[in-house]
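Q: Okay, handing you the structure first.
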Ligand code: DAH
């Protein structure tokens with residue numbers, strides 16, 4: 001082989017082998033195969049050779065070109081593979097990294113208790129009437145026999161939005177609104193669950209926002225016995241079959257007669273403990289036969305129909321059922337408390 005060809009071949013193959021990048025490799029290609037590269041230049045020198053050497057010289061340069069082209073192609077593939085491998089390693093998703101942990105949520109204990117309660121009343125033929133949280137003074141008080149200046153107002157101080165509108169102090173105005181929505185149809189049988197507001201001092205059993213579940217049944221033959229039966233069935237289903245109830249005479253302006261509903265203490269089963277103040281009984285609701293004026297305000301004729309009503313404190317029911325000793329826990333958004341109701 002011609003010495004010059006051999007020299008070019010060795011240099012070219014070595015430089016191809018040493019190329020670190022596709023850019024470097026391209027520079028090597030131009031240097032040897034480009035228009036003014038070393039191999040075309042070699043070919044141009046063919047004219048300076050004696051005629052008998054020309055064919056073999058030409059053939060050697062051509063095989064050199066082929067050899068260099070093959071080496072370039074092999075190196076190009078190798079470098080391209082390296083580039084891809086580098087990217088694959090660099091961009092790899094590390095599937096062994098711990099993922100983000102989403103804590104499972106849970107129903108708020110008041111929601112849980114309310115769902116239970118609504119389910120029990122559904123079973124006795126009651127539907128749900130959702131009333132409103134902002135009320136008129138008229139609905140919250142006057143339509144329930146609590147005229148301006150009535151002493152019953154002193155027990156239910158609230159937050160006024162204007163002279164005549166306020167945050168409702170109880171769910172009882174839902175009785176009137178619910179009856180009006182029935183437009184005289186019978187029977188009336190619904191519960192009104194929801195938030196109520198009072199300007200009370202806050203302590204373990206008082207909070208300015210709390211919840212009630214009102215109940216109302218109106219028909220042509222509703223008696224106090226029906227009230228007693230419904231309240232007793234509810235208490236047994238909510239707290240357990242062994243639960244007993246006691247009705248104590250009381251006074252509410254919107255019922256006549258009125259009573260307080262006690263259930264046998266769910267903790268000591270009536271023996272007497274610190275929760276029931278050693279009496280064995282827990283007060284859970286106010287109730288009574290709906291006052292004729294209220295029936296009339298709801299659009300019904302008190303000469304033709306009678307009704308009973310009750311108002312449970314939802315927070316108190318939930319506290320007793322789940323053994324919670326401070327009402328403020330319901331409203332403090334403390335995950336240590338709330339997470340205990342997960343998967344309940
Ligand atoms: N609204 C009363 C309160 O908040 C509770 C109540 C008593 C509701 C007697 C009633 C009832 O429906 O008949 O203190």
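Here the Cβ of each residue, glycine as well, is placed from N, Cα and C on the backbone.
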Q: In TrEMBL, which of 61-92, 93-124 is tagged coiled coil?
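A: The range carrying the coiled coil annotation in TrEMBL is 61-92.
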Q: Can you give me the average pLDDT across the domain 'Aminoacyl-transfer RNA synthetases class-II family profile' (110-320), rounded to a whole number?
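A: Residues in the domain 'Aminoacyl-transfer RNA synthetases class-II family profile' (110-320) carry a mean pLDDT of 96 in this prediction.
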Q: Could you check what DSSP calls residue 256 (Mg(2+) binding site) once collapsed to helix, strand or coil?
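A: Assignment for residue 256 (Mg(2+) binding site) reads strand.
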